[in-house]
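In what follows, a single structure is set out as structure tokens and then discussed.
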């Protein structure tokens, strides 16, 4: 039965998931978000600096840096999605103008207020994480139209007209069409498309922000990773919800209310990704100090430093955890148990819900737990989770270690027999 499951996941399920990941429409969203993450990292650094302002009130206010880095995330993604989509579709000559068109349409659909003097007033918060769903929608729409038009040129391939002039004319009609669509929605029909998109995606956000949804958003990437499938396949669906949730938390606190969205990337970094996907730091420590087999002793020494900085690819594929039933099962258990604990302690106000951007995932724990939540109680929760995951991994680790030790002894006996024979 176990072999049938492994065979199905390896030979049928994994290739299909990888096919989805490599789809240009999905990978364009992934690449756009990944490329824009440095802006989020800048916002995270500002968060750390803001902690010092609590101790030294005379320090300058750096919030504007955060507003124009993390706070512009949606705007940048609106440019990058059509840019990468055109590149992946083999239309690189049109990628810059496609990105610029995505940017313009995004601004139009933010529903700015235009005064009689011609001044445009935007709601600043819509440029950031709360605008992610709009930026994805506009980016894909622009990419679709521009890609369709790129396959149909006004000119033949042997035209004597310079390439840049050909490019101008080929992009003229699709850009006009795209902007007319934006004009019709915003001006003629007076529709706040931002609010429409938020309403459309609100069921997804509500599901992810619920206990079952949050647990699944953590469990599924970990489950897929045990079969060698990158958890980033979930990013286009989950990451916008996480970022929008954090933005809502920040806005709520600024308005004097309480944060309520637990499902954020900061929560994952605070209490879940301790050592990486699957909360594997305890397993790395276990391999370092408890291993009896030569294989796990060597792996424990090799993976402990990366694990401290939450890089667990060496552990996942070196121990390995991937495709190894001994370690896959406890990883699944922890991928369910740890987000459940995190959700419980935050919903019970035992640990503060994150309200500021913090994506410096490579910082060691429990420092990360405090910086992501700005709550010292998160350190206690982090240490408790390490102990709990240790207890979950321990019996499975011992069984795996003993099996390797037994095999090493058998190999040694066989080697001795060969030496005697020779």
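Here the Cβ of each residue, glycine as well, is placed from N, Cα and C on the backbone.
All TrEMBL annotations are machine predictions without curation.
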Legend entry - Which listed span TrEMBL calls transmembrane segment, if the choices are 127-149, 242-264: 127-149
Inset, instruction - Report, as numbers and ranges, which residues of the same chain sit near the transmembrane segment (341-364): CB under 8 Å and 6 or more residues beyond its ends. - result: 37, 40-41, 43-48, 50, 66, 70, 211, 214-215, 246, 249-250, 252-253, 258-262, 264-267, 269-273, 308-311, 371-375, 377-378, 381, 384-385, 388
Inset, instruction - Counting only CB pairs under 8 A, let me know which of 64-84, 127-149, 191-208 has the most with the transmembrane segment (32-52). - result: 64-84
